[in-house]
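These notes concern the structure reproduced below.
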Amino acid sequence: MTSHLHHPLPALRMALLLALMLLLPLVAQAFGQEYYIGVVSRMLIFALAASSLNLILGFGGMVSLGHAAYFGAGAYTVGILMQNGVLSGWLSWPLAMLVGALLACLVGLISLRTKGVYFIMITLAFAQMIYYIVIGLEVKGGDESIRLPQRSSIGLNLSSDTTFHYVVLVLVSIFLLLIHRLINSRFGRVLQAIRENETRMEAIGYPVLRYKLVCFVIAGALASFAGALLANQNQFVSPGLLHWTQSGSLLVMVILGGAGYFSGGIIGAIAVLMLEEILSAYTIHWQLILGAILLGVVLLLPNGLASCLQRGSKA
Amino acid sequence: MDLAFAIENLLNGLQFGLMLFLLAAGLTLVFGIMDVVNLAHGSLYMAGAYFAATFTSLCGSFWAGLLLSVAATAAVGVLLEMAVFRRLYQRSHLSQLLATFALILIFNELARMIWGAQALTLNTPPVFSRPVELLPGFSYSSFRLFIIGTGLAVAALMYLIVVKTRLGMLVRAGASDREMAITMGIDIARVFTLLFAFGAALCALAGTLLGAILEVQVGMGESILILAFVVIVIGGVGSIRGALVGALLVGMVDTLSRSLLPAALRAIMAPEAAAGVGPSLASILIYVLMAAVLFFKPRGLFPARG
């Protein structure tokens, strides 16, 4: 009998998913459907972004409605560096993570003093500030998006969607494994204990605020990295990435997938993006059906999709 | 500075603040009493504006459109409460966020299906077509004055209802200690259905009045929803007085910074740079205000719960 704070790696399912992601570009090419390579790369990128939000929301119990700030900050770091002639991904990707971490540190220091719905609102407030700052900076293109002349150079030819897909697959897999290690580490257990009963952990003598802040900063850095990858995927960066509805849709992915389950962010991101693809192919009013499905899931499956796949370990 | 310019902006700020209050009042009561985070509150505002535009063009009268819109939106509110919100009371804030975010998607797409993607215009009633001269040489839109009057009247009416009536007493009891209110035998569920309908009616009023100044379009609820949330967080969740003070603060800061900041910035930097920085700095000020209030008063200015 293992603790419910332990989250086993769903090895079989992950291996299947990995195999699918590995084979997909080949299949897509064989059928002349290269468009879907980009769709799947985007799913991977959002899986990382949603998992980083799941880290603070599902495991840390901090409901942030401002996660788009870090996501967008990563994308803009790559975009702005490229505008200034820095093309190397070896430089701009780690820098994007650093920017996200610093931003999260600053926001976390102030907003972690509040709780509950006030925390939701203050994280939203900070994200909105970043949004308006970026819109206001005329030099960065203002309301217009930044077009990237190429994808970041890392010594491979990333202009090929297939190569880029494999790079994304490797990087996202590494970071997801790191998240898995993290939530099962001592740090992760303390974090989940804080989520369950903050006062008690404080009383035992854990530096609760420091644990939460570290978690917040790690999540910010990871989201920022996902943003850097998305900037490369789309080859443009627009303020829409920073808008609060982007935070909202990341939140939707996590809750739909299952907050507090390791695979929650991954399942949620894939489910939402897949629904968008499928529904938008049938009707221009796909958002209506997406909304109805989300509403149905939240009313019938309170703990998200992962809860019915993974009955063994309850969040 | 020009006195007329200052008065005009103060009045605009007051007008916007009072409209924000109409939205924030419903939002804060639902939140304070039932503990439901309702992201779809802005959708009721949008619905109100669309209903008003439709009924006004059908009946040919702004006033008939306004009344019908208030009635229709209140009905939508009751339906929504019985079909969806009832199932969300006992659920976590997370489920509520997801469910009400889904409602935003549904409402926006329904509006697009019924009324199309193009923005509608809602004309102000002919009575208010001419500005009135408030001071010698200073004229102000009579319709905006009417909005200010309506906002003040609704605020006063709400004060009377909340402080003087039995229903208001139940609402206050629910907001300050929900569990105790339930224990004392208050049918809080029925109070809530009423409240939800009332909140929806206020949304329709704000949507109609602001829809006549701005445009009626899909997504109009989202930006103002965020401002309404800022208002109730500044004011203290569940507090009507807090909602009023917060709404006036936010309305004033937003309007004044939008009009005065660009002028001030032009004095210290190049005009092109000022034109770019001014509006976004003005948008940020609201959030700076909120962060500052929460820093000193983590539960808002007038916390409803002790």
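Including glycine, each Cβ sits where the backbone N, Cα and C put it.
Looking up the ranges B:44-63, B:164-183 in TrEMBL, the one annotated as transmembrane segment turns out to be B:44-63. Counted over residue pairs 6 or more apart, the CB atoms of the transmembrane segment (B:188-214) and the transmembrane segment (B:273-296) come under 8 Å in fewer than three pairs, which marks the two as apart.
Remote same-chain residues near the transmembrane segment (B:16-37) are listed as 45, 85, 88-89, 93, 96-97, 100, 147-148, 150-152, 154-155, 158, 171, 174-175, 178, 188, 191-192, 195-196, 198-200, 202-203, 205-206, 209-210, 224-225, 227-229, 231-232, 235, 237-240, 242-244, 246-252, 254-255, 304-305 (criterion: CB distance under 8 Å, separation of at least six residues from the stretch ends).
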